[in-house]
Amino acid sequence: MQPIKDHFGRVLKDLRISVIDQCNFRCTYCMPKEIFGKDHVFLSEKELLSFDEIIRLANIFADLGVEKIRITGGEPLMRRDLDKLIAELAKIPGINDIALTTNGVFLPKMSKKLKAAGLKRVNLSLDAIEDEVFKEINDKGVGTRSVLKGIEAAKEAGLQVKINMVVKKGMNESQILPMARYFKGKDIILRYIEFMDVGNHNGWDFNNVISKKDIIQMVDSEMPIEPAEENYYGEVASRYRYKDGEGEIGVISSVTDSFCGSCTRIRLSADGKLYTCLFASDGFDIREKMRNELTDAELEEVLTSLWGRRKDRYSEERSEEKRWNRKKIEMSYIGG
Ligand code: SAM
Ligand code: SF4
Ligand code: SF4
């Protein structure tokens, strides 16, 4: 089958699946306690896509050209039996890469099972190496040790590990260099992420964004780096290698240097809505179509048409200041 293309000719290659909207952290920039407090209503068991539904959709997506799957959340390891889902996804012909984004706290318990199920890579989120700063960010008083243990467990299980660090002015710019120092030479790639205007509740302001250029300059001034080539078409992080050969870092610059032109990603929420952009206002309810007993062939047609209509290029539009303050879905719901 020919790969399917959107309005701008971008092919569909990656599927990001959010498996749960709950999380054990309350990161201030993602799930602020004031909004996601005791009264917040999360998705019910019935609303969540079942594993069978996710697997069915993933099979159809693979038919349409998807090769990579990323599992995310909320905190994906809070979804019971996640390893069983991964084991089934790993069997799908055409899917050659399965990765997981997690805050890492449950990895000591889960890493071996996940690896055995066919998981290859984990992206661990860690926004500070200093305990006090990290505790304040996750707002649950969890120290860095819990995450570092998760990193260790993942490495020991044979999973490839990358670290994601969201950088926000006033929150953790003090950690840019300490994080680089900590992970340099450890065979772990640290990726800095510009603070993005996802969702409606994280108080995003352009003045809180520390740009890719500033991050690079800061690291380079102490630990000289040079640009490295893309690993593959559409890679979201710009790569820089340490000149002394001690590994590399990456920067994901959705705000100051967007990459919509090569965006091959579609996102599936835990309750079965499809989003063709991280900054979309509305999703397409594929759960309703599945539960209304559309056949696989009919679903394939629906998805082909959805992708065919896709005109999203939000980050580019943001730079052109055309759209700025529209209603958006929450990061903890769609999973990044
Ligand atoms: N709970 C898991 C975790 O933290 O890795 C998976 C879900 S979390 C929503 C996925 C990623 O999105 C994390 O690396 C997190 O730091 C990032 N993120 C959340 N809000 C963000 C924002 N406003 N800008 C940039 N990245 C953000
Ligand atoms: Fe939870 Fe991840 Fe959001 Fe932090 S970034 S609140 S760990 S979903
Ligand atoms: Fe893709 Fe939307 Fe991000 Fe652009 S803004 S790279 S279209 S998800």
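Heads up, residue numbers simply count up from 1 along the chain you see.
Even glycines carry a Cβ here, placed using N, Cα and C.
Curation does not apply to TrEMBL; its annotations are automatic.
Record features (TrEMBL):
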- ARG16, ARG70, THR101, LYS162, ARG265, ILE266, ARG267: GTP binding site (BINDING)
- CYS23, CYS27, CYS30: [4Fe-4S] cluster 1 binding site (BINDING)
- TYR29, GLY74, SER125, MET196: S-adenosyl-L-methionine binding site (BINDING)
- CYS260, CYS263, CYS277: [4Fe-4S] cluster 2 binding site (BINDING)
- 7-226: domain 'Radical SAM core' (DOMAIN)
Alpha-carbon spacing, LYS162 (GTP binding site) to GLY74 (S-adenosyl-L-methionine binding site), which is rounded to whole Å: 18
Listed binding-site residues adjacent to ligand 2, that is, members of MET196, CYS260, CYS263, ARG267 whose C-beta is under 6 A away: none
[4Fe-4S] cluster 1 site shell beyond CYS23, CYS27, CYS30, criterion: Cβ within 8 Å of Cβ centroid: PHE25, ARG26, TYR29, MET31, PHE36, ASN103, ASN138, MET331, SER332
Site with most surrounding Cβ atoms, counting all protein chains shown within 10 Å, from the binding-site residues ARG16, ARG70, ARG265, ARG267: ARG267
Cβ neighbour count within 10 Å of CYS277 ([4Fe-4S] cluster 2 binding site): 20
For CYS260 ([4Fe-4S] cluster 2 binding site), the three-state class that DSSP assigns: helix
Where the C-beta lies under 6 angstroms from ligand 3, the matching binding-site residues among CYS30, SER125, CYS260, ARG267, CYS277: CYS260, CYS277
Contacting binding-site residues for ligand 1, chosen from ARG70, MET196, CYS263, ILE266 when the Cβ sits under 6 angstroms of any of its atoms: MET196
Pairwise CA distance, CYS30 ([4Fe-4S] cluster 1 binding site) versus CYS260 ([4Fe-4S] cluster 2 binding site), rounded so that it is a whole Å: 22
Nearest-integer angstrom distance between the alpha carbons (Cα) of GLY74 (S-adenosyl-L-methionine binding site) and ARG265 (GTP binding site): 18
Between CYS277 ([4Fe-4S] cluster 2 binding site) and MET196 (S-adenosyl-L-methionine binding site): CA-CA distance (Å): 13
Candidates TYR29, SER125, CYS260, CYS263, CYS277, namely the binding-site residues, that fall within 10 Å of THR101 (GTP binding site) by Cα distance: SER125
